[in-house]
Amino acid sequence: MKKLFIKTYGCQMNVYDSDRMSDALAASGYEATTEINDADLVVLNTCHIREKAAEKVYSELGRLRILRQSQEAKGKKMMIGIAGCVAQAEGEEIMRRAPVVDLVFGPQSYHKLPELVGRAANEKVVETDFPAEDKFEHLPKARKETTIARGLTSFLTVQEGCDKFCSFCVVPYTRGAEVSRPVAQVVAEAQNLVDGGVKEITLLGQNVNAYHGLDEQGNSTGLAELIYRLADIKGLERLRYTTSHPRDMDDALIEAHRDLDMLMPYLHLPVQAGSDKILKAMNRQHTAKEYMELIERIRAARPDLALSGDFIVGFPGETEEDFEATLQLVKDVHYAAAYSFKYSTRPGTPGAEMDNQVPEEVKYERLQRLQELLNAQQKEFNQSCVGKTFPILFEKKGRDEGQIVGRSPYLQPVQVEADLSLIGTIQPVSIYDTGKFSLFGKIVT
Ligand code: SAM
Ligand code: SF4
C-alpha cells in the first residue's frame with residue numbers, strides 16, 4: 001500500500017472533501033497516514049477565504065520542499081498535490097511560485113484523482129475545470145471499516161457553490177455556481193454512513209439552506225424536505241446543517257426546527273454586520289431588522305434554539321457608527337458562539353475594488369472589541385447550561401482516566417465520569433460546571 005497524507009485547511013466542506021479524496025485514492029492502493037514522513041503523496045487541501053489562508057499554504061510548501069529534498073536523499077519519492085480553493089483560484093500560478101508541486105486540482109476534480117496522480121508521476125498536472133459530469137456519481141462509497149474508523153459523527157455535502165455573490169466573498173468564483181445533489185444520492189450516502197455506525201450527520205453546503213435537489217420524481221426539494229427524508233433512516237439519531245444564509249431560511253425549515261427533535265436546536269446563521277449601509281454594500285440582500293425578525297420567528301418555533309454566527313469587521317466604508325450597529329446587533333441576539341474576522345480583500349471580488357478600505361489598525365481594534373463581546377456571550381451561554389440536563393452523544397474517551405466525552409446539542413464538549421461502554425450512546429446528562437472549553441456533567445439515572 002502507498003501512503004497518503006492530507007492536510008486540511010478551512011471549512012467543514014474541506015474536511016468532507018479530504019475524506020472523499022482518501023476514498024477515491026483507496027481504489028488505487030493509497031492508505032491514509034497521519035505521519036507525513038511516511039507519505040508517498042502529500043495533499044494540501046486549501047482554503048482561499050482570507051489572505052492568510054492562502055499564505056499559510058505557500059509557507060507550508062516551503063517546508064515541504066525541504067522535507068522532499070531530505071526524502072530524496074534517502075531514495076524515497078514524495079509527490080505533492082494542491083487541492084481546494086487556492087488550487088482553483090491560482091491554478092498554474094502555484095506551479096510558478098512553488099515548483100515543488102506536482103499536481104494542482106480544483107474541488108470539482110476529486111473523482112479523477114487516481115488518473116491525475118498517475119499522470120503527475122510523469123508530468124506537471126493542473127486540473128481546474130468544472131467538468132460536465134457529476135463528481136459525486138463517480139466518487140466511490142466509503143468502505144464500512146473506513147466509516148467506522150472515522151467515528152460517530154460525519155459531514156455530508158448536499159450542495160456546493162453559491163449564487164449569492166456577497167461582495168467580499170470568493171466562494172462563487174472558487175466553488176462555482178450553486179449545485180444541489182439529488183435527494184436519492186444524499187439519502188444513499190447517509191444510509192451508507194449509518195451502516196458504518198454514524199449517529200449524527202451534519203449536512204454541508206456553502207449556502208446549505210438554498211438546497212433544491214431533485215427527488216425521485218424530478219421535483220425540486222427544499223432542505224426541510226430533505227431533512228425529513230433523512231430523519232427516516234433507522235439508527236440515525238441527530239441531524240445538523242451548516243452554513244445557512246438568512247435569506248434562505250424558509251417557513252418549512254423553521255417548522256422542521258419546531259417539529260423534529262432529531263434536528264439539533266443549534267443554528268449557524270451568519271449576519272456579517274449590523275449596519276444596513278454595510279449589509280447593502282456587502283450585497284447580503286437583507287437588513288438588520290429583517291435578520292432580527294427572522295431570529296424571533298425561529299426562536300418562537302424552537303425556544304431552546306441557540307445561535308452562532310460569522311462577522312466581518314472593517315468592510316470598506318465601515319465607520320465607527322456602523323461598527324457600533326454590529327455590536328448592538330450582537331447584544332440583541334445573544335450568540336452561543338461566533339466566528340469573527342477582519343475583512344480581507346479577495347482579488348476578483350467587488351469589495352477588493354472599493355476605494356474606501358478601512359485601515360488595518362482600525363480593523364484590528366474593532367475585532368478586539370467584537371471578540372471581547374462575543375467571548376463574554378459564549379461564556380454566559382455556557383454558564384446558563386449549568387443545572388440543565390441535555391442528551392449527550394458520547395464519542396470517545398475523555399482527557400482523564402475514567403472520563404468519556406460527548407457533544408451537547410449545542411456542540412459543546414461534555415466530560416463525564418462513566419464507563420467506556422457508553423461510547424456510541426446518547427445519555428441524559430446534568431451539567432454541574434463549565435471549564436474553558438468543556439462542560440462537566442453527571443449521567444442522570
Ligand atoms: N456562506 C456563508 C454565509 O453566507 O455566511 C459563509 C461562507 S464563508 C466560507 C465563511 C465566513 O468567512 C463568512 O461567513 C465570512 O464571515 C468570512 N469571510 C468570507 N470572505 C471574507 C473576507 N473576504 N474577509 C473576511 N472574512 C471573510
Ligand atoms: Fe460567500 Fe456565503 Fe455570500 Fe455565498 S452566501 S457569497 S458563500 S458569504
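The backbone N, Cα and C atoms fix where each Cβ goes, glycine too.
All annotation found in TrEMBL is predicted automatically rather than curated by experts.
So that you can see what the record holds, here are the features copied from TrEMBL:
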type    : residues         : note
DOMAIN  : 2-122            : domain 'MTTase N-terminal'
BINDING : C11, C47, C85    : [4Fe-4S] cluster 1 binding site
DOMAIN  : 148-380          : domain 'Radical SAM core'
BINDING : C162, C166, C169 : [4Fe-4S] cluster 2 binding site
DOMAIN  : 383-445          : domain 'TRAM'
Mean per-residue pLDDT computed across the domain 'Radical SAM core' (148-380): 97
8 Å Cβ shell about C11, C47, C85 centroid, [4Fe-4S] cluster 1 site members excluded: Y9, G10, M13, N14, T46, H48, I49, A53, G84, T174
Residue counts (helix, strand, coil, in that order) that DSSP gives for the domain 'MTTase N-terminal' (2-122): 65 helix, 24 strand, 32 coil
Cβ under 6 Å from ligand 2: qualifying binding-site residues of C47, C85, C162: C162
For C169 ([4Fe-4S] cluster 2 binding site): intrachain residues, at least 6 apart, with Cβ closer than 8 Å: I49, C162, R346, T349
Neighbour count (Cβ, 10 Å) for C85 ([4Fe-4S] cluster 1 binding site): 26
Candidate with sparsest Cβ neighbourhood (10 Å radius) among C11, C47, C162, C166, the listed binding-site residues: C11
For the domain 'TRAM' (383-445), the number of residues DSSP places in helix, strand and coil: 5 helix, 33 strand, 25 coil
Cβ-centroid neighbours of [4Fe-4S] cluster 2 site C162, C166, C169, 8 Å, sequence order: K164, F165, F168, V170, V171, P172, Q206, N207
Helix, strand or coil at C169 ([4Fe-4S] cluster 2 binding site) [DSSP, three-state]: coil
Rounded Cα-Cα span from C166 ([4Fe-4S] cluster 2 binding site) to C85 ([4Fe-4S] cluster 1 binding site), Å: 17
Rounded to the nearest Å - Cα separation of C166 ([4Fe-4S] cluster 2 binding site) and C47 ([4Fe-4S] cluster 1 binding site): 17
